[in-house]
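Engineer: Handing you a structure now.
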Number of protein chains: 2
Amino acid sequence: MKTCRLAILGVTGAVGQEMLSILSEKKWPSNNLRIFASAKSAGKKFPFRETELVVEQLTPDSFNEIEVVLSALDNDVAQRFIPIAVEKGCLVIDNSSLYRLNQQVPLVIPEINPEDISSQNGVIANPNCSTIIALMAIAPLHACYPIQSMIVSTYQAVSGAGIKGMEELTTQTHDLQMNKIPQPAIFPRQIAYNLIPQIGSFDEEGNTSEELKLQNESRKILHHQDLQVICTCVRVPVIRSHSESITLFFEQDLDVSQVKVILSHAKGVKVVDDPLNYEYPTPLDTSNQDLIYVGRIRKQPIGNQTAISFWCCGDQLRKGAATNSIQILESYLKDYA
Amino acid sequence: MKTCRLAILGVTGAVGQEMLSILSEKKWPSNNLRIFASAKSAGKKFPFRETELVVEQLTPDSFNEIEVVLSALDNDVAQRFIPIAVEKGCLVIDNSSLYRLNQQVPLVIPEINPEDISSQNGVIANPNCSTIIALMAIAPLHACYPIQSMIVSTYQAVSGAGIKGMEELTTQTHDLQMNKIPQPAIFPRQIAYNLIPQIGSFDEEGNTSEELKLQNESRKILHHQDLQVICTCVRVPVIRSHSESITLFFEQDLDVSQVKVILSHAKGVKVVDDPLNYEYPTPLDTSNQDLIYVGRIRKQPIGNQTAISFWCCGDQLRKGAATNSIQILESYLKDYA
């Protein structure tokens, strides 16, 4: 892996921590990495390979000696600092939703549209987690057999709401065992032993921002503006892998065997689909790793169209966020730096 | 409520217990109710209104003085005893899946097809829980605007696997807090903090028996043999309300406001759909009661068809099983006894 003067912004969050861990696995040189967060975390130390890195306070002067920024900042803080980083000449790989639909900003999943990186003007956006996980399975099929529409129901882990989201699930579960009434803080309702059909905020038609992300980001990444998406996003009491039940409508007929061949050869995807031997993906089996797992692949007749249904799972913090960002970094350094 | 000489078979299970509780709420006369289970539970006592009922061992002679049987027996035991009860002249309202697709046996949700009761020949079948919960919302719409197809992803509570299923979730959660590795017994995988995309057994095309029930039972109840169903059933770590993410394709155009009007007037259905005020159904809010809650109602364009999506939740043991059986009993006693 080529290297550069790299910074992680928002290193204390769930995605920032995952970025640190993945860079360590990839043996990124510690003298080429600086880590930033808000003033209250400055001075905190994190082990990195054979050494320790010290968190620096993020300020407008943080970018003077940085070439590439991996940002895991929330939208509000990202909005303040990313323009400064770009102004200072950095390339920013951004995990917020701020720039994803900006026409000047490529939105990239490296297995799917790495060539879009070439059009960057200082920012490359990392897609939303549920978009990445769905498209890793959908894009290879769409490349061979164009899809017209997709109907998606998600089962999303609490890690999507960060460290505090994960803590809220375990705290509520513990409270219930102690006969204490759980108090929702991060999620709008109790999440322990419950489901919440709301992720993000609602528009006037009753869609959540999370549901619209899947539609709009999929259209941009696949370069398929006519793609029709019906999506229902649901938070479930699972720690860190998202799952999605997906039905695709194709323009032409195809069979389950063709789907399996295509997905078996798709980079970053693992087909686990032997139900008679109880083999199918679950969120627990697919956590703490980078592959997107696909199973329960079935062909279903609907009207005169061919529909293919499947179930996929992938770690929301890894391929859904940190891993994809670092793959963008690798792709950029290899082909464009 | 009219009365009769009634028996509950399988009273010690989760559905049997719920039947007992609902009959008590409805002030069923205790001297007109006998309760049966296997030999190992005989002699066990359950409180019922102002008295106690004693569990009797179920034998071929149990039916001599019984007019109507509410059966919550598993398929294997039901297969042995239901033909005997019918032979003895009882009407059996059966919760197993044995007779549901038998053309001589009506399959009834009293709000939807009560008139089918008239064709009974000794057995009336109670539909599968996820079928009842979905159709309570779908049937009133279909009656006004015929549907062509439905795409359903379920989020099914552990109560569907009975008392042992509920215990397995809480035991596994407790084990994890004690740093013990959970041991799956009832479910094929760990269910605590996990999802299992398998309910029932698989056919050669990769559909589960639970998924096929939704298709085949819906066709029979709606008298709509051409109905096309795509269904993915998933077990989730929730105690007792099932949830379903449903997309319906209609033959003609209709709007969200029409859907809301129809469902607001549908018996047994409650529309909770004010997302801007965080009002939508969750499994926790909809447990321990009889209504099916519908929310997140949206209209989505797909091709040149009108699709309506919604999210519904309902208690699996109540309306999904015991309540529906007792409503069949009430309907039978009122109109056909």
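Any Cβ shown, glycine's included, is placed from N, Cα and C.
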Engineer: Of the candidates A:Gln305, A:Gln316, which does TrEMBL annotate as part of the NADP(+) site that also includes A:Thr12, A:Gly13, A:Ala14, A:Val15, A:Lys40, A:Ser41, A:Ser159, A:Gly160?
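Structural biologist: TrEMBL lists A:Thr12, A:Gly13, A:Ala14, A:Val15, A:Lys40, A:Ser41, A:Ser159, A:Gly160 binding NADP(+), and from A:Gln305, A:Gln316 it also lists A:Gln316.
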Engineer: Would you report the average pLDDT that the model assigns to the domain 'Semialdehyde dehydrogenase NAD-binding' (A:5-120)?
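Structural biologist: 98, rounded to a whole number.
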Engineer: What does DSSP call A:His242 (active site, proton acceptor) in the simple three-state scheme?
Structural biologist: strand
Engineer: Around the Cβ of A:Lys40 (NADP(+) binding site), how many other Cβ atoms lie within 10 Å? Please give the count over every shown protein chain.
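Structural biologist: The answer is 10.
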Engineer: Can you tell me the CA-to-CA distance separating A:Thr12 (NADP(+) binding site) and A:Cys129 (active site, acyl-thioester intermediate), as a whole number of Å?
Structural biologist: 19
Engineer: Select the closest residue to A:Gln156 (substrate binding site) from the following recorded positions, measuring between CA atoms: A:Ala14, A:Lys40, A:Cys129, A:His242.
Structural biologist: A:His242
Engineer: Could you measure between A:Ser159 (NADP(+) binding site) and A:His242 (active site, proton acceptor) for me? Cα positions, answer in whole angstrom.
Structural biologist: 9
